[in-house]
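Engineer: The structure that follows is given in the form of structure tokens.
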Amino acid sequence: MTQPETSTTELNRGDIITLDITRMAHGGRGIGLYDGRVIMADNAFPGDTVEVELTKVKKRFAEATTRTLLNAGPLRDTEGTVCAAYEHKAGCCDLSALSETGELKIKETVLRDQLERLGGLKNLPPIQIKALQPTTGWRTRARLGVDEQGRAGLRKAASNTVIPEITCQQLSEALTEGVLDEHPKYRFTPGAEVILALDSDNQRHIVEVKKAARGRRMERVQRVLEGSGTAHQEVLGFDFEVPAAAFWQAHVEAPAAYSQIITELLQKYRADEGTELGDSRSKETLVGWDLYGGVGVFAPAIARGLGEDHTQIQVVERSHAATRRHQACLDALDVHFLDEAVESGIARLSAPTAVVLDPPRTGAGEKVVKAIAQAHPAHVIHIGCDPATLARDLKAWTSEDCGYQLKELHLFNAFPGTHHFETFAYLEPRSS
């Protein structure tokens, strides 16, 4: 990428300038050049001309907040409405002003840019985009702050300030009724956090979470105000019981969509290698690793992809909240849980045919990737919720040390209206 020319204009925090936005940065901010200096502005998109106020000024770049939209670019939805929470500087709907087509275009561009620039990847496979529906009211979980009056609300961006009575377009009325209303039914402990969970039975669970008393271990104490505190989540015929405060995919359709692509990819590439399901040559017990696997929601998908009758799934997850609860729905499958960190747990697993890993936002890291590669799985599905850390992980996978090649990329718009998205990368050993 060409470096910007040195700026000759002195810029200071608080200055107001006019900026033409030419591209997007990872993280939801638009980029423009002002006298050779890179300016990153919120609520600004390619094709926009905006008036911005500088909030941080460095030698080669500056950050800004948009004050006025002078000319709307082609990616905006001029007839739509911006998320009310985002208009109050709360929540994360930083792309809610875009059309659906514009949002998908930006996300594809950001993913490609990160993989090429940070990952050094060339000749990328086509990015296959899947837009999950619905695009509003899609959240199954919400985490709210509580103000000094005991009112729950979204937090202001980069702040602990709670903004009550304002809802977000991600949240359905079924999730927030009586909590974010003008006259809420519930009052909570000031300073606590409130977790809302809506399960597959449309049952809402409200759990108040706070830190333990001073001087005690930093455990989290819960108080259930509505529901049982245990959410029933159905995914493609499998019924999971999940603590309301434990991790679950945010978008209501994400678990099923992710499970389907895992099964499809494994079946496709297993067939390509001449081991179709039911093939007498593949009756030996196969092993699938589900790393960072939570309650094991991907275990059925991996088993279906490899063949349920002769596959053992080994789930590695350190979350006690996830693994302490027995999942009866998995009894018909050969599933084993290892309550241990992935970094150390890999050495205790059997040699895998396939590995699915869904690391946290920080990524798996080069050490974990190399450890998996040394086990020589024939199929790898690497899931990433941050394109920058995914790029670094894929760089490790495709290095000479690991010897894998990237075959497919699937971008799931599982966080509509925000800059976030999920990517599924399928890799296999590079041919010698």
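From the backbone N, Cα and C atoms, a Cβ is placed for every residue, glycine too.
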Engineer: Which residue of Tyr292, Tyr404 does TrEMBL report at the same S-adenosyl-L-methionine site as Gln249, Asp358?
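Structural biologist: Site partner of Gln249, Asp358 for S-adenosyl-L-methionine, according to TrEMBL: Tyr292.
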Engineer: State the count of C-beta atoms found within 10 angstroms of the C-beta of Cys385 (active site, nucleophile), not counting that atom itself.
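Structural biologist: Around the Cβ of Cys385 (active site, nucleophile), 19 other Cβ atoms lie within 10 Å.
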Engineer: Setting Gln249, Tyr292, Asp358 aside, what same-chain residues sit with their Cβ within 8 Å of the center of the Cβ atoms that define the S-adenosyl-L-methionine site, listed in sequence order?
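Structural biologist: Close Cβ neighbours, site residues excluded: Phe247, Gly293, Gly294, Val297, Phe298, Pro359, Ile383.
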Engineer: Considering every residue in the domain 'TRAM' (10-68), what is the mean pLDDT value?
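Structural biologist: The predicted confidence over the domain 'TRAM' (10-68), as a mean pLDDT, is 96.
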Engineer: Hey, how far is Asp358 (S-adenosyl-L-methionine binding site) from Cys385 (active site, nucleophile), Cα to Cα, in Å?
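Structural biologist: Answer for this pair: 9 Å between alpha carbons.
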Engineer: Roughly how many angstrom lie between the C-alpha atoms of Cys385 (active site, nucleophile) and Tyr292 (S-adenosyl-L-methionine binding site)?
Structural biologist: 13
Engineer: Return the count of C-beta atoms lying within 10 angstroms of the C-beta of Gln249 (S-adenosyl-L-methionine binding site), excluding that atom itself.
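Structural biologist: Summing over all protein chains shown, Gln249 (S-adenosyl-L-methionine binding site) has 20 other Cβ atoms within 10 Å.
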